[in-house]
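Report on the following structure.
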Amino acid sequence: MTAEMTRPELGVCYYPEQWPEAQWADDARRMRELGLDWVRVGEFAWSMIEPAPGRFEWDWLDRAIDVLGAAGLKVIMSTPTAAPPRWLVDKHPEILPVGPDGNVRKFGSRRHYCFSSPVFRGEAARIAEAVAERYGTHEHVAAWQIDNEYGDHDTIHSYSPAARDAFRDWLARRYGDIGALNTAWGTSFWSMRYDDFAQIELPNQMVEEPTPTQLTDFLRFSSDQVQSFNRMQAEILRKHAPGRAITHNFMNQNEDFDHHAVGADLDVASWDAYPLGNLVHGRLPEADKQRLLRHGDPDQPGFNHDLYRGVGNGRMWVMEQQPGPVNWADANPAPADGMVRLWTWLAHAHGCEMVSYFRWRQAPFAQEQFHTGLLLPDSTPDRAFAEIEEVVAEAAALPALPPRAPSEVALVLDYPSRWALSALPQGRNFRAGHHALDWYSALRRLGIDVDIVGQHTELNGYRLVVAPDLVMADAGFIKRIAASDTKAIFGPRSGSRTEAMHVTAPLPGAGLAPLIELRVTRVESLPDWHSESFLMGNASHAARRWRETIESDAEVLATFEGAYREGTPALVGNDRARYLATLPGDEGLRHVLEDTLRWAGVDTLPDLGPDLRLTRRGNVTFAFNFGCEPAAAPAPPEATFHLGAARIPPAGVAAWSET
Amino acid sequence: MTAEMTRPELGVCYYPEQWPEAQWADDARRMRELGLDWVRVGEFAWSMIEPAPGRFEWDWLDRAIDVLGAAGLKVIMSTPTAAPPRWLVDKHPEILPVGPDGNVRKFGSRRHYCFSSPVFRGEAARIAEAVAERYGTHEHVAAWQIDNEYGDHDTIHSYSPAARDAFRDWLARRYGDIGALNTAWGTSFWSMRYDDFAQIELPNQMVEEPTPTQLTDFLRFSSDQVQSFNRMQAEILRKHAPGRAITHNFMNQNEDFDHHAVGADLDVASWDAYPLGNLVHGRLPEADKQRLLRHGDPDQPGFNHDLYRGVGNGRMWVMEQQPGPVNWADANPAPADGMVRLWTWLAHAHGCEMVSYFRWRQAPFAQEQFHTGLLLPDSTPDRAFAEIEEVVAEAAALPALPPRAPSEVALVLDYPSRWALSALPQGRNFRAGHHALDWYSALRRLGIDVDIVGQHTELNGYRLVVAPDLVMADAGFIKRIAASDTKAIFGPRSGSRTEAMHVTAPLPGAGLAPLIELRVTRVESLPDWHSESFLMGNASHAARRWRETIESDAEVLATFEGAYREGTPALVGNDRARYLATLPGDEGLRHVLEDTLRWAGVDTLPDLGPDLRLTRRGNVTFAFNFGCEPAAAPAPPEATFHLGAARIPPAGVAAWSET
Amino acid sequence: MTAEMTRPELGVCYYPEQWPEAQWADDARRMRELGLDWVRVGEFAWSMIEPAPGRFEWDWLDRAIDVLGAAGLKVIMSTPTAAPPRWLVDKHPEILPVGPDGNVRKFGSRRHYCFSSPVFRGEAARIAEAVAERYGTHEHVAAWQIDNEYGDHDTIHSYSPAARDAFRDWLARRYGDIGALNTAWGTSFWSMRYDDFAQIELPNQMVEEPTPTQLTDFLRFSSDQVQSFNRMQAEILRKHAPGRAITHNFMNQNEDFDHHAVGADLDVASWDAYPLGNLVHGRLPEADKQRLLRHGDPDQPGFNHDLYRGVGNGRMWVMEQQPGPVNWADANPAPADGMVRLWTWLAHAHGCEMVSYFRWRQAPFAQEQFHTGLLLPDSTPDRAFAEIEEVVAEAAALPALPPRAPSEVALVLDYPSRWALSALPQGRNFRAGHHALDWYSALRRLGIDVDIVGQHTELNGYRLVVAPDLVMADAGFIKRIAASDTKAIFGPRSGSRTEAMHVTAPLPGAGLAPLIELRVTRVESLPDWHSESFLMGNASHAARRWRETIESDAEVLATFEGAYREGTPALVGNDRARYLATLPGDEGLRHVLEDTLRWAGVDTLPDLGPDLRLTRRGNVTFAFNFGCEPAAAPAPPEATFHLGAARIPPAGVAAWSET
Ligand SMILES: [Zn+2]
Ligand SMILES: [Zn+2]
Ligand SMILES: [Zn+2]
């Protein structure tokens, strides 16, 4: 095996500016003794670095980096653009973002900038350049993070004058002349015709919804603004910090910008993993949430590992790993003891190169004082500390593993398709992010490893592409599948809209030609209090929220039951692709996907149940028990266990090689 | 029988500006071949007609009307005021409406005008006059629609400076001097005294609710603005389009303006019928909604037919009939196959002269791309097409029928009373529109045909007036009932407020004198999680949401049960009128109304159950099965069936004459 | 016994300006005949007193007071600052408050002023002085009310320019220099550093939450503004109305300002008692709300009597007692017949000196026309009238009673701690007001009388201090407990934050040293759909919403059960204090408190059940049956009954002395 072999690396987020300098050295020593390799600093330090316009105070940060580096830690330095100083807001109040209610959002927390403000772009470039010049080639600075959590606090969509002007320019570039915009937006519909790009306004505070093309264009524009803002900083860092890995810490669940597009300008994608808050706000029924309250959705972290591994072109870090209770969810339970260890090994198994915990010490002041860390506010170890010690000890015994091999199955997450669904949901309960996680979960219960990809990914090697919601199927992507040996299955609404957010001609589903011929002649969104069913083989399964009437030359593999249009196809397929015309419940989705995997030549395991998950890295199989009861590792009798044993306790991990 | 005999006429809504001109002729031919008589055009065409201030482009519309007319279709032309062009907004931004949050609502959809803007009134008159001059006497233009769906997207109540100024003028006219306003508004209450009409502001963004008289006045004023705006256009049309029927397409469920008052300036009332969205957002318990998901509330369309037949002084059209799934509800299921036929016959049976479907072809672009039509976007027929073919064939076999005869029972819907309830609901769950539909439903389950009327209707012939919520009983109306042979039953809160929105003296209920003597000494609003009961005969029934303690000389016909004030009257009556002091559930309401109908000399049928509905036109009885199981038509053995047979399938229709 | 003995006094709220002068004398006569002693007037009369700037019209009010006084009534005069006239708003629009949405709140109801407006403060002083000069020594004016219901309609927190300026000044005074503010607010956290107080903005419309210290400071500032506004008026009244009792009518449930601080400037605290609306919006599970719909939460009025008795330093009135249905709750049921009598005796038993009913006659106009009074709008008696007659007759037979003796148990309600919880709730379902009422209720079911106190209260005599949510434990208070014989029990989160809203060092709980040594090493907020349990003795009890992991030298008295950290302490205690690490359900809370009362040497009764409550004044024990079934009075066989008998009917009262 030629691939580079790695051991799990660990890190932590640290804010020297928040602690007395006298404490730094001891902190650094304890980090290193714990076994940490990395420390992230600086992402909110602008006002400490530049306390007044043009007056820089580098000394404290120089010393902090020296102390950390001297202790043996590699520093991830950040550009501090997520938190512009008060003096900058005073000087240029027009950098502030404007909410959908038309009100300027005030200084006093973070992310108080509009991506479209040319003034802010200039200031961001200036501070990024200053920091990059200072530390770009510093011996202890081994990587760079740009800004922090794009999209947090709903900050991608700004309705400021700057955003309006930039949107007009973006439209002028996209459409060239106003007639093309009128055609695309369908302004003949309600007398909405424009004579000039200067007449166009942002799509907030309207009498009724704007055209979905206007809305989709605004969502695209807003994503492009993030992409270009990030690229500007990436270019500055490449110039001043050669050879250092550049990353951004993405927020999972945020769909307001194209993570693949931003990832293309990075060396590594990192993401911030907070499984318990995601459970509380997440997709699962209440009974599952109760059972998993302190364990989290078994598929949410894996989904994001697989997503950001793709966003980072194979290189992925967790920049912020939840170490205990957090402060921001509707309810903030604690992880069961053992879960921090489980999440760390899960990340490693999914190909993560480095797991960094947020944060070193719980802050006794400011907004996040209920957010735990590795240390309590009094510097004594909190629970996660001991679990990391355990991970470090175990890591020494585990063989080094190669980068994660490509999976046989690729699941498509296409951000423009999500924007299309957001612009025209058609049903109040249609939540594409939840549905895609349901599909992922069904695959994972069958023991399948999954890559999560965009439409521009190379297909080589995938046996099956799974596209739960590919509304805006890219013609090139469909053609590449058709020209390959890869098979595909599409969820409802796939291939139903053009790039201009029009219905595909002749009918929805046409976007999937030439893979599969399909005419969607009717769609229905269904309320949560109603359920339909479909028949596949002898099994009847629930169909919820969405149902289509389709016509197709392809074979009918499952049919709807009940009084309404009984016998119309629920699942059709030819030898290249399948199309599912509804959203099944868990059981039905597993049935459909199990049959589809078999058809695509992908081996499955018997259902692992709701709480056990397997994944493979190199020749090691990892098993994770998210449940409350012990589980049996599906390992062969002759397996060599590197972690745990055949009986996996709740919140437990096992890892074995087959000999 | 001397009355004019009619057959069902059919039509469709068409937007030539949205399709290539090459397609028009074929569309027109297919409309005619399908059997359609009417086509509505132009209601959103302002910017196509007048692309720049004063520059008119009539040619395309001339040609479109010619093509449609040449094919044999009668054109309903519209004034395009519902969608002012962008250039008008640029020139006069003050025409935009202002929301209750104080923000100007932006251009980009439709209805972006304030009814009170004098500038917009001038522009609306100008464009209406231009269109009327051009097509007023056009041979193919047989009718006119003014504007489109007043009240859609919450646009009746605007909080603009223009609205404020107009409100002050309206108040000055209403009250003459400020002292009269102070008295009416009760400004002695919280030191709210005004010295001048110029001090008065619109009732949004206050610290606490304004006086209910201020609020009621604002609601009245807003309704008057719609009425005068509509009248202005009606007068223009009468001048330029003599002999053509003038209509407006009302939105059912909207209570923000007085539909009777606007109807008085029209020749025909038309309304837009979307039963499934109304079910999803409607009054029924969830179990009923589940059963009726694809059939709709059995009483919602009939209620509106009966309402708008009255609003149109006997002449009523359906301008937009749902042909399949729509795009705007929280969930958008499809009608069961057969429902479009059922709704069409239902309209005819309720006296509708013409049913026009919205829309000819589903648009593949803009806001309503999920709204179905008679054709799919690729011009192939959608399901409704076949059902209309069926209706056309059946209509040929059905005898022509006279206009609908007056019913024996009139239900009162008084818009000012609804505003009074909106200004002072007194309970969060008090939804008068739902309650009135419950009363209507109870009557309809007993086989009763109903007219829905305002307080200015002539009473001649009605055996019973049913007034579920006549808060502001008009003294003239009550006197006319008292002077007639008509009996009446009133729901709780009836006769409880004066026109100044004061409690009637001496006590609530006094507004019903001289019909019935009544003193309401206490009212209670009750939460949904609590239920009371009353005893009528031997039957105990639920009483919900509202309960009154009343004193009356009249006979006690039902009494409350339970620990609180057991034995106080729930229903009282003399030989002229009855008063119900609570809101019963379905069963109790049916008991009360069955007894009341018998008392009034109106014959009832045994309960038809929740899903079967009968109605009569001429000597033909129509039966509609809204349910999911076959139903038996209650026809005599010797009946001659014109439609269907004695066994009515789900979504089925039967019609018979007795020989 | 040397203490002053009192009989219940009664009063009513009256608005002469709302009724014809001809009616006044008859009203006054009937008040007196009913047995009323007091009448409150004038709190909304500003525009009637001063109809134009500087033009006063006293005559009508002179006559009204004379008429009332002549009839034998003592007048409570009010300063009319709760309702500034329209002309004042015209002259100085900047007095209007601004909502959190940034919009100015309009004239047209009441409380439309910003406490921080210097112009309004000047005007308020001017009108208060004018009224005080006119009536300060009037023979019939025996007491004064300042303003009306501070905090009604969310008016404590204004976001106006005046509030912003005053907040900056307040901060400058509090912190002296901006560096101290930066430290306290923790502005190193997200680069939020300030250079000048003039940079600080109000904490609305931010991107994300401000620092909790900024928020807490804003809440403190807003409370201080109320306190100084009230003190300004109190000083004016003391100058012009010597010897008259000064009061303000507090709104229970409002926590937006420090009621203890405002009370310190008053002679008597009064409060407005509306039990049924509080039930509808209150803490109880739905089944209890159903049972108690017309009786109210048995503990809500008692809690407030005990609270405001403390706020008034032992002197407490009810200024507005609900006499029947009200107009402002989500649902407005009627009190069961008998409840007005019950509430009146309840107030007396809890030490209330005077109960005044709101209002004399139901108004047939303006905002509160659904609010009942002692008379119906036609001047006939409503139900409460008869119940007051009954009270007056009973009062004659009851012995005069001394002021209420201090209880053995004091429950702490600390407003700054509530603000801390509001600034950092950490769980969406954490409602401290509800939890404290749960604790009070548990004590009351055990027959315990309770004083409700702030942290500055003297401890002399209390056997037990109960602090359900003392987040910001005052060091002096804790030391005084430690130095006394008083024992204490604290709920979760107690002693966890410093005055700067930082975590106490070394860990949460440190604020309770030196009483009890405690380290909270982890907190969890739990969703409503999840429940934990703890074991105390052999009993297992539910633990909800909040759970802490604690370490302490104290004895472990109860432990958590279940999979997560089984056996960790749920309740710990030493010989001075106890700490409860979760929020139990009713049963568990009663178990904990019963055990704690026994430990503190306080005698308890067997559980009185959910609906029966006892309290003592002098040597008389009162019992109140809030339930729907008769209850047995727990009186000894030889007791002498002053009211009722051993069998207490629903809504009934008993009172006895033991011989
Ligand atoms: Zn600037
Ligand atoms: Zn203008
Ligand atoms: Zn001023």
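Just so it is clear, glycine is given a Cβ too, placed from its N, Cα and C backbone atoms.
The shown structure was predicted, so the numbers you read here are calculated from the model rather than taken from an experiment.
Noted in TrEMBL for the protein shown:
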type	residues	note
ACT_SITE	B:E149	active site, proton donor
ACT_SITE	B:E320	active site, nucleophile
BINDING	B:R110, B:N148, B:W328	substrate binding site
BINDING	B:C114	Zn(2+) binding site
DOMAIN	B:13-395	domain 'Glycoside hydrolase family 42 N-terminal'
DOMAIN	B:408-602	domain 'Beta-galactosidase trimerisation'
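The most densely surrounded of the active-site residues B:E149, B:E320 is B:E320 (count of other Cβ atoms within 10 A of its Cβ). With an 8 Å limit on C-beta distances, the recorded positions from B:R110, B:E149, B:E320 that reach chain A are B:R110.
Across the residues the record lists as binding substrate (B:R110, B:N148, B:W328), the two Cα atoms farthest apart are 17 Å from each other.
Secondary structure at B:N148 (substrate binding site), as computed by DSSP, is coil. The average pLDDT the prediction assigns to the domain 'Beta-galactosidase trimerisation' (B:408-602) is 97. In the three-state DSSP scheme, B:C114 (Zn(2+) binding site) falls into the coil class.
Packing around B:W328 (substrate binding site) is summarised by its Cβ count: 16 other Cβ atoms lie within 10 angstroms of its Cβ, all protein chains included. Here the CA atom of B:N148 (substrate binding site) lies 14 Å from the CA atom of the residue listed as 'Zn(2+) binding site'. Reported as a whole number, the C-alpha separation between the residue listed as 'active site, nucleophile' and B:W328 (substrate binding site) equals 14 Å. When secondary structure is read from DSSP and collapsed to three states, B:E320 (active site, nucleophile) falls in the strand class. A C-beta separation below 8 Å, combined with a sequence spacing of at least six in one chain, links B:R110 (substrate binding site) to B:F44, B:A82, B:A83, B:N148, B:D152, B:H153. B:N148 (substrate binding site): 25 other CB atoms within 10 A of its CB, across all protein chains. Taking the Cβ of the residue listed as 'Zn(2+) binding site' as centre and 10 Å as the limit, one finds 26 other Cβ atoms among all the protein chains shown. It is 15 Å from the Cα atom of B:W328 (substrate binding site) to that of B:E149 (active site, proton donor).
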